[in-house]
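Participant: Pasting a structure here, questions to come.
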Amino acid sequence: MDSVAQRLSAVGAGAALELRGVTRLFGALAALTDVTITVRPGERRAVLGSNGAGKTTLFNCITGDFAPSSGTIRFFGEDVTHFPPYERIRRGLRRTYQISALFPGLTVQDNVYLACRGVSRGRFSFLRPGQNDALMHAADNLVQAVHLSAVKDQRVAELAHGQQRQLEIALALAGAPRFVLFDEPAAGLSPTERAELIEILTSLPAHIGYIIIEHDMDVALRVVESVTMMHNGRVFKEGLPQEIESDPEVQELYLGGGHE
Amino acid sequence: MSLAHDARVAVRPAAVTQRPARTWPEINNPAAWIVAVILVVMPLIASGFFLIEIFATTLILGIMALSLMFLAGYGGMVSLMQLTIAGFSAYMVAVFGISGNANISLGWPWWLAVPMALALATAFGTLGGALAVRTEGIYTIMITLAIGAAFYYFTNQNWAIFNGHTGINTVATPHFWGVNWRADIPFYYVVLAVAALCYFAVEYISRAPFGLALQGVRDNPRRMAALGFNVNAHRVAAYAFASFIAALAGVLQVWNYRQISPGSVSVGACIDVLIIAVVGGITRPIGPFIGALIFVLLRTFALDFLVRLGLDGNRFRLLIGLGFLAIVFWSSDGVIGLWQRWRQSQRSRDDRQGGGRGHG
């Protein structure tokens with residue numbers, strides 16, 4: 001899918017993701033105020049901030065779960081501000097959810113198969129996939145990649161929490177992702193599972209950029225090259241991980257007070 | 001194939017896993033074969049009354065309830081207008097075909113009138129669905145119930161097309177190849193063939209991308225949108241498919257009774273379809289047929305039973321209502337759910353006995 005020409009044109013367009021003056025109001029409450037963020041193709045960035053800083057609202061605006069009250073969102077140069085979520089996903093945007101958003105009534109394999117089918121043609125197909133169905137193999141590979149092959153025929157409702165988190169990531173990597181939004185992927189994971197998560201994130205192909213919301217600094221700062229610090233719905237600071245980590249203002253706001 | 005998997009497959013080579021073939025679960029089930037054989041040889045054992053009044057009627061009601069099961073069980077959309085769509089289709093067969101009301105019926109041969117009726121009823125149901133998918137939960141029920149009620153009152157009052165409360169009578173049924181297809185045995189086989197077709201179509205599609213995606217929409221519409229699916233388009237398509245199934249049942253129904261009148265599309269009848277589906281179970285396509293059989297048996301025989309107890313025979317709905325309450329109270333999956341739980345308890349009892357011996 002991702003041809004060299006496509007990637008070159010993406011580079012030509014500059015940013016993978018470009019938010020300009022994005023504001024989101026809920027009644028009188030401003031969840032986001034004038035947020036401007038630019039992320040290069042292939043860039044990996046962490047978004048930090050205390051609860052209520054607007055991190056998940058930011059993700060919801062980017063994926064189109066709801067439209068920003070004002071401002072524009074460009075994805076690889078294209079203005080997607082008023083696109084429905086599925087149009088953005090078909091263009092290579094992906095996301096995971098802080099609270100696993102899976103299909104509990106279906107098997108692991110079917111969950112991943114749906115994710116593969118959602119970004120390809122034949123979503124309305126009345127024909128069952130055969131033995132050599134390409135998407136079925138793609139789903140098999142994804143299930144394998146997140147270490148869920150042993151439980152692939154189990155219903156998702158029966159999975160352990162850690163397995164559900166891994167499936168959550170598999171759904172976001174189906175098809176040909178160009179940019180992924182990870183919303184606290186390490187939430188509730190054991191140290192071993194965290195190590196696996198870091199391995200999955202660092203071994204993603206270089207052209208796939210992402211933004212990760214993560215409270216665990218050990219995870220966040222090991223898998224990103226830049227950091228955006230948010231506070232009260234605004235971008236508070238941007239910089240390299242070590243700059244942000246050592247910034248006194250940030251420490252006061254987040255690292256000092258927020259360490260549980 | 002994405003570069004994402006390729007990269008990680010290189011780290012952790014994926015063996016080509018052999019998936020279990022997605023075949024028919026019925027093939028390995030002896031009970032399904034027995035039921036199929038009994039249904040096919042039914043005309044040898046059952047009288048004309050049983051064949052039509054019990055089994056053909058059960059299958060027709062079962063097809064209508066199947067269309068609801070598809071929407072509710074796989075799509076999470078409870079539509080109360082499935083009977084209305086069937087009734088609309090039945091009316092269209094009478095209006096475009098041949099009937100005793102020559103001033104209304106256009107007199108088309110059945111092989112033109114039936115496709116026309118199916119197309120119009122499917123369009124009608126799809127339009128209704130397009131309205132209903134803008135809402136969720138109880139509001140879907142209300143909108144579809146409103147469509148059903150509106151259609152009922154409209155047929156009562158409209159004389160130009162629907163012939164008011166008298167309806168359309170002596171509707172012609174197909175005769176060709178020297179066979180009267182409304183004679184008991186041929187008609188039974190026609191109904192059985194359509195029911196089997198609908199059953200297997202629903203079963204098949206539940207494992208096809210369209211059906212899987214519909215179940216995804218049921219479980220988590222927001223995530224489906226975040227996977228690239230247009231959720232509302234999927235829901236409307238589900239209504240279109242379910243409407244076609246209901247429309248098929250409507251054609252069979254008007255051939256069965258040879259007439260159609262507002263009484264057949266009343267709000268009470270709409271709710272009967274819901275009861276049939278829920279009593280049978282909406283998790284699997286066999287449920288609606290089981291529910292329809294229970295409903296038809298009660299409707300036919302409860303009268304004698306109640307009279308023998310010294311009660312008013314018309315109170316058969318009381319029995320259905322009590323049965324409905326009991327089912328909803330003890331099993332949200334209807335009769336199928338009860339059966340599955342019984343099977344499971346048998347199996348776990350066997351396991352326990354086996355385990356006990358092992359320890360001894």
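Placement of Cβ uses the backbone N, Cα and C atoms for every residue, glycine included.
What TrEMBL shows for this protein is this:
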TRANSMEM  B:31-52  transmembrane segment
TRANSMEM  B:58-76  transmembrane segment
TRANSMEM  B:83-104  transmembrane segment
TRANSMEM  B:110-131  transmembrane segment
TRANSMEM  B:138-155  transmembrane segment
TRANSMEM  B:185-202  transmembrane segment
TRANSMEM  B:236-257  transmembrane segment
TRANSMEM  B:263-282  transmembrane segment
TRANSMEM  B:289-307  transmembrane segment
TRANSMEM  B:319-339  transmembrane segment
Participant: Among B:83-104, B:138-155, B:185-202, B:263-282, which stretch has the most Cβ pairs under 8 Å to the transmembrane segment (B:110-131)?
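Facilitator: Looking at each of B:83-104, B:138-155, B:185-202, B:263-282 in turn, the most contacts to the transmembrane segment (B:110-131) are made by B:83-104.
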Participant: If we call contact 3 or more Cβ pairs under 8 Å (sequence gap 6 or more), are the transmembrane segment (B:236-257) and the transmembrane segment (B:138-155) touching?
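Facilitator: The answer is no, given that the two segments have fewer than 3 Cβ pairs within the 8 Å cut-off.
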Participant: As a test: from B:31-52, B:83-104, B:263-282, B:289-307, pick the stretch that has the greatest number of Cβ pairs under 8 Å with the transmembrane segment (B:58-76).
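Facilitator: By the under-8 Å Cβ criterion, the transmembrane segment (B:58-76) pairs most with B:263-282.
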Participant: Would you kindly list the residues that approach the transmembrane segment (B:83-104) from elsewhere in its chain, counting only those six or more residues past its ends and only Cβ-Cβ distances under 8 Å?
Facilitator: 64, 67, 110, 112-114, 116-118, 120-121, 124-125, 128, 147-148, 151-152, 155, 160-163, 168-172, 243, 246-251, 253-255, 259-260, 264-265, 269-270, 272-273
Participant: Sequence-remote contacts (6 or more beyond its ends) of the transmembrane segment (B:185-202), Cβ cut-off under 8 Å?
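Facilitator: Contacts with the transmembrane segment (B:185-202): 24, 39-40, 42-43, 51-52, 55-56, 59-60, 62-63, 66, 69-70, 173, 179, 245, 248-249, 252, 255-256, 285-286, 289.
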